[in-house]
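Below are the features listed in TrEMBL for this protein:
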type: SITE; residues: R16; note: site 'Transition state stabilizer'
type: SITE; residues: K23; note: site 'Transition state stabilizer'
type: SITE; residues: R154; note: site 'Positions MEP for the nucleophilic attack'
type: SITE; residues: K208; note: site 'Positions MEP for the nucleophilic attack'
Amino acid sequence: MTNKAAILVAGGRGQRMGGPIAKQYLPVAGQPVLMRTLSVFYRVDPSLDLILVLPESDFVYWEELCSEYKFTIAHRLVAGGNSRFQSVRNGLNSLNSKTKLVAIHDGVRPFVTEEVIKESFEVAERQGSAIAVIALKDSIRKLRDDGKSFYEERQYFRLVQTPQTFQVEKIKKAFTVTELQQFTDDATVYENQGWQVTLISGNAENIKITTPEDMDYAEFIASRGLSDR
Ligand SMILES: Nc1ccn([C@@H]2O[C@H](COP(=O)(O)OP(=O)(O)OP(=O)(O)O)[C@@H](O)[C@H]2O)c(=O)n1
Ligand SMILES: C[C@](O)(CO)[C@H](O)COP(=O)(O)O
């Protein structure tokens, strides 16, 4: 049995995307987003324990979609919660006792590369955690409540992606706390324990499909194979 797992969180409702079908099920270049994401992880390691966190009310729909698309990559379904934090925690609670490393990934980031996933497991094994980030290309300004804005040195900032990969023992302990507003990602929950996170380079195409214009960009990335380079 593998000692590695990936939790793909897809328990959200995609309010910012809108539309009758939640974004995680929408086709990109002919294949639903979640099938693309599961496939990348499978290609990295077919023995990974793949856990897909979905709203429980979508389980039947998802199984029908898998039949329709003849999608056969083995994975386990876990019921999501009311927030991303709760969905991740449900995924962590479903891990088997032999699992030592877990990659937590937004199901709606189908363009993560195999290289980033592999590196995240290697670094997390050595350091405890591996958080995919990218540098900023634009200048940034910090806003203040009084309406003024100030220059910030962009070399000290990073955009945070997923996967965020961890030693299981540590991340499970970190997720036993009460959910706080500041927990916008898993790295924040981990460092709440006083542990330093380790950053690795993500890939620019690894967008989080969030709003309708992201679907156009996703089609472009998929059709050009930009995340396969
Ligand atoms: N209760 C929740 C909320 C979010 N997510 C997942 O966390 C990832 C990042 O969240 P986001 O992009 O915000 O997705 P949604 O919550 O679906 O979008 P929105 O905020 O627009 O409703 C997504 O894969 C989403 O499905 C989850 O598993 N469980
Ligand atoms: C986890 C994440 O994708 C890292 O950038 C991000 O924090 C998720 O934010 P959301 O508001 O839940 O989409």
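Cβ atoms here come from the backbone N, Cα and C positions, even for glycine.
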List, in residue order, those recorded sites out of R16, K23, R154, K208 with a Cβ under 6 Å from any atom belonging to ligand 2.
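What lies within reach of ligand 2, judged by Cβ under 6 Å, is K208.
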Per DSSP, K208 (site 'Positions MEP for the nucleophilic attack') is which: helix, strand or coil?
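Reduced to three states, the DSSP call for K208 (site 'Positions MEP for the nucleophilic attack') is coil.
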Out of R16, K23, which has the highest number of nearby Cβ atoms, where nearby means within 10 Å of its Cβ, if these are the recorded sites?
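The most densely surrounded of these recorded sites is K23.
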Which state, by DSSP, holds R154 (site 'Positions MEP for the nucleophilic attack'): helix, strand or coil?
helix
Measure the Cβ-based neighbour count of R154 (site 'Positions MEP for the nucleophilic attack'), defined as the other Cβ atoms within 10 Å of its Cβ.
14
Roughly how many Å separate the Cα of R154 (site 'Positions MEP for the nucleophilic attack') from that of K23 (site 'Transition state stabilizer'), to the nearest whole number?
31
According to DSSP, collapsed to three classes, what secondary structure does R16 (site 'Transition state stabilizer') have?
coil
